[in-house]
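Residues or ranges marked as S-adenosyl-L-methionine binding site by Swiss-Prot on the basis of sequence analysis: Thr75, Asp96, Asn123, Ala124.
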Amino acid sequence: MAADETSTDFGFARVPLDEKQGRVNEVFRSVARRYDVMNDLMSGGLHRAWKSALISALRPSRTRPFRLLDVAGGTGDIAFRALQAGGPETHVTVLDINDAMLAVGRERAGDRFAGRIDFVAGNAEALPLPDGSFDAYTIAFGIRNVPRIERALAEAYRVLQPGGRFLCLEFSHVDVPGLDRIYDAYSFRIIPHLGALVAGDRESYRYLVESIRRFPTPGAFAGMIEEAGFAHVTHRLLSGGICAIHSGWKIA
C-alpha cells in the first residue's frame, strides 16, 4: 500500500481505503457465475496447470490429518484439487468474503467430499478462526484484491501452526523480452472484450487486469511475506513470469 494510509489502489484508480473492499465485492458478485469459464478463456486453460503446480507444491498428506485453509477460494477450485490429492483425513476450509462466490462453490461441491470441506464467509484481514489451527494456507489469485495485504499476511501467520506453510499463487510481472508486450496487448485489449462478451461485464475485467499491474514485484512481495514473520521465503515464476507461486514457512 502507498504511503497515504487513507487511500489505496483499485486498478489504476485511487479510492478511499474503506471503499475498496466493497468495490471488489461488487466485481466478484458480478462475475461469480462465469468466473471459472472466464479463467479458461483468459488463460487458454493455463490456469489449470498453474493450480496443479500449486497443489504439487502443497503436497497434502495422504496418510495423516491435514488441515488446509484456502482463502479467497469461493468457487472451490483449489479446495477440490487439494482434496483429490490428499488422503481421507485431508480437510479444507474455504473462506471467502463474497457470498456469490461461496454459493458457486457450495453448488459445485454438492455431496462430494462430505465432512471434508466447509465454506466460511470471512475477511482475509480478520479471519474468524483460532490461532494455530491449520497445517497450510493457500490463496490463489486473491491477495492482490485485499485492501491491506500486510494484514492478510499477518492473519495467515497467526492461523498456521508451527511448521505450517503459506502458499500464494498470483499474477506477476512477465520477464521474457517480447512476451511482455504481447501479454500487455492481450490483457488490455482482449480480456475486457471477453469479459463483455461472455460475462456481460467489461469494467470488472478491466479492473482485474489493472490490479495485476499494480501488484508488487516478486521481490517486493517476498519482503512483505518475511515482514509477516515467515521464514525460507521463495518464489517460482511460471509461464515466463505471467504468474508466480510464493512460499513461506511458520517456523515457531
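Any Cβ shown, glycine's included, is placed from N, Cα and C.
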DSSP three-state call for Asn123 (S-adenosyl-L-methionine binding site): helix, strand or coil?
strand
Of all the binding-site residues here, Thr75, Asn123, which one's CB has the most other CB atoms within 10 A?
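Most Cβ neighbours within 10 Å: Thr75.
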Counting across all protein chains present, how many other Cβ atoms fall within 10 Å of the Cβ of Ala124 (S-adenosyl-L-methionine binding site)?
25
What are the non-local neighbours of Asp96 (S-adenosyl-L-methionine binding site), defined as same-chain residues 6+ apart in sequence with CB under 8 A from its CB?
Val71, Ala72, Gly73, Gly74, Leu102, Gly105, Phe119, Val120, Ala121, Gly122
Hey, what's the widest CA-to-CA gap across Thr75, Asp96, Asn123, Ala124, the S-adenosyl-L-methionine contacts in the record, in Å?
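Between the most distant Cα atoms of the S-adenosyl-L-methionine site, 16 Å.
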